[in-house]
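Written below as structure tokens is the structure these notes are about.
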Amino acid sequence: MEKVTNSAAAKPQGNNKKQESAYNGTAKDKKKPNLDIETTDSDLLSDIHLDGTKEQKVQTLFSKVFEDTGPSTAKTADRKRRLQAEADANNNDTEKASKLAKTSVATTDMDLRVTRKQHTFYMKVQALLAEHAEKESTKKASKMAKISEADLILFMTQKEIEYYMKVKALIAKCAEEGSKLLDNWTSSKDIAKTADHERRLQAEADAKNNDTKKAGQSAKESVATTDMQLNVIKEQMEHCKKVQALLANESKGAEKESKVLDYSTGPSTSSKEAAAAKTADHERRLLAEADVNNNDTEKAGQSAMESVATQGASATERKQSFSLGLEHTSPIQVNGAALACPLVRKSLPPGEANSCPPPPKRDPAAVKSSVKIIKVKAPEEGNNNNDEKEMSTETSETHKTDSVEEGRRVVKWIIFPIKPNFFFKYFWEQTACLVQRTNPKYFQSLISFKMLDEILIRHHLDFTVNLDVTTYKNGKRETLNPEGRALPPAVWGFYSEGCSIRLLNPSAYLTRLREVCTVLQEFFHCKVEANMYLTPPNSQGFAPHYDDIEAFVIQVEGRKRWLLYEPPKEADHLARISSGNYDQEQLGKPIIDEVLSAGDVLYFPRGTVHQAITEEQQHSLHITLSVYQQQAYANLLETLMPMVLKKAVDRSVALRRGLPLHTFQVLGNAYKANDCGSRQLLVENVQKLVTKYLIPSEDDIDEAVDQMAKKFQHEALPPIVLPSEEVRTVHGARSGADEQGNCVCDYKFNEKTSVRLLRANILRLVTEPDGSVRIYHHADNGLDYCKYEPYFMEILPEEAKAVELLISAYPYYLTIDQLPLKSSARKVEVATALWEHGLLMTEKPFK
């Protein structure tokens, strides 16, 4: 419905200038017109009495409606109607009781069906209208002006009108259905409301007979059943039996009852204080019901006011928590003035479980699988040898070490006591491997809870870009990232609500972790990534899935239960692309079900379906090292075959000839059954062309591997230059000026200077398709993934042999005089250029 149409329909026709003046917002006519409201809208728009012109009144109304003033009081109003209906029934005012009951049913049905946003919009309007109607109820109606639906629509935006009309139509429909339900109430004895009605009648009879104890018990049963019916929807009726069982033992199950009946769209977790408040509120409502039956009106009113106050406080707390889950967070107003941060404080208690219950814990001996899982117990802490001690890369001979062997040493440190050769023969890309230790401090230098807090304070991290907030509940995984910077109060607020925190690329902020990644990338010859996962107790942040990487899960703090499954399809083994989220029913029996404690390591190949859950009273902080992504033969062939085909097409005219005219009539899925001679001839011809022209040569394979290695140079982390290396590289060089102002460097190369590459894989010599020769390197890469364009140096073809000699000689040093170049000056010039780009290191530091 268009806004103009609404305004025109609402504006009265004729020559009544006074009435038109009211719509135009003027106040010339002292006698304010009486604008009636349609009876069908009486429940939605009650008469409001405000001061000022008609335009000012409506603007005042909507300025208050759309303020973030707190939670809706719809249920409170509905509760009052039910109490009033019951009181009218006691006074034999059947007609009034029936009317109030219809209104209650309509409001309740509306609560159950409208969306959260529509519900919030409608409830704010209804609550404000009810508030003003109550304040002005004692004044004379003849002296007050009324605001009709037409006035409201005049000042609504198009979006507000759409919401208003949807809710209005829905309420009218609910009222009609509620009327039918009320007419058939007494005859439908198989539904819960009939039993509730009978209990209330019995309670009234008992009250008249002065059977106070029995009346109170009947009233409690009535309220419990009614509340249960009001809070569940059709799709949740299967929970009714559970709710009734909890109601039977209310004193013990009050907290559980609040969990079952709370179906808000925000985070489902709630604090113990909130649960206790709900229990106390429920008891007050029961007491108010009993007081009404005993005609203690004053006491009943006091209990009802306490109940409303408790509901308002509880809803305010829920709203504050929910605001963190929105894509856009905005400040809220306190007392209509000062802005308050909508973030949850760090000191909030931990939330309840957010996870979808995985299969029950079973005896590992009972798990039967074709995959062989090997668990290794590391030696006791007192028997640790040097291999298990904290990794250290700085030695007196660091400048002489081999970076590839250093990477192997780090692998050995991670998987100790398993030897690397044994690991790569029996585990790598084959099956999972679990190493359990008794030393919880084994990986403590890499990261900690405190380090994460410092990162949030000292660095500018953005949600989604650097940090994710996730949750997995009721079989559904959600990402709750707001926009903007991830400040500590917001992050720890999410964590307190039971959400998991994933920090992307923590090695950019933690030198120790970055050192591990840079050394490992030398060994694996590929990008090595690290992600951090922090999960609160009794929670799960991610759905079951598999990844396209070889994963090393390093448990740093706390404990976490891991369940691994075989891929559902054979084609998913050693998967090249990560999967989507699996439902629990799609998975078979886990091939491993173990709890990782601090110091433990779990390895599993790509394609292994996995999920992880924290235990009660135990948080978890772990790092996942990801290696060997997109490093398969398939990736090589994807790079190689287009190159081979292009070269073959340029060389062979047979590949450039057109297809026979009858090709489309004999080849294709529709012609598989046609076993004619021309079809077979075409198939054999294509196969011969592939065999003859598309077999890659050794040079083709070298060129394709160079292209893959060039990609690694772009993705790799820059090397960490240790202090003993710094004085031998350009990073330790210093320059000054002489008396004439000329630049003077503190280094100078000659033919006797010994040099070598800084790292084994610091550069890649690539001959491009156009014939140019380039040196790609990652010495100047950023800490973020592919932050800059690839770095390269273009050299002369005859200078490539000098670079090749440096590559083959690593890790040994060569004198510049040994470089295969024609002149000594050219040898020194090439070595100096490579050193100044951070690619070479001298054997002795410059003085």
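Every residue gets a Cβ built from N, Cα and C, even glycine.
Annotation source Swiss-Prot lists region 'Disordered' at 1-45, 203-223, 254-320, 377-401. The compositional bias 'Polar residues' annotation in Swiss-Prot covers 1-24, 304-314. If you look up Swiss-Prot, you'll see 203-214, 279-288, 386-401 marked as compositional bias 'Basic and acidic residues'. As annotated by Swiss-Prot, compositional bias 'Low complexity' applies to 268-278. The feature phosphoserine is assigned by Swiss-Prot to Ser323, Ser330, with similarity to another entry given as support. The phosphothreonine feature in Swiss-Prot is assigned to Thr329. For His545, Asp547, His610, the entry in Swiss-Prot reads Fe cation binding site, with the evidence type sequence analysis.
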Margin query: Please identify, from the binding-site residues His545, His610, the residue with the sparsest Cβ neighbourhood, meaning fewest other Cβ atoms within 10 angstroms.
Written below: His545
Margin query: Taking only same-chain residues 6+ apart in sequence, whose CB is under 8 Å from that of Asp547 (Fe cation binding site), what do you get?
Written below: Ala575, Ser578, Ser579, Arg606, Ser626
Checklist line | For the Fe cation site built from His545, Asp547, His610, further residues of that chain with CB within 8 A of the site's CB center | finding: Phe542, Pro544, Tyr546, Ala551, Ser578, Ser579, Thr608, Val609, Gln611
Next item on the list: Would you identify the secondary structure of His545 (Fe cation binding site) according to DSSP, in three states?
Entry: strand
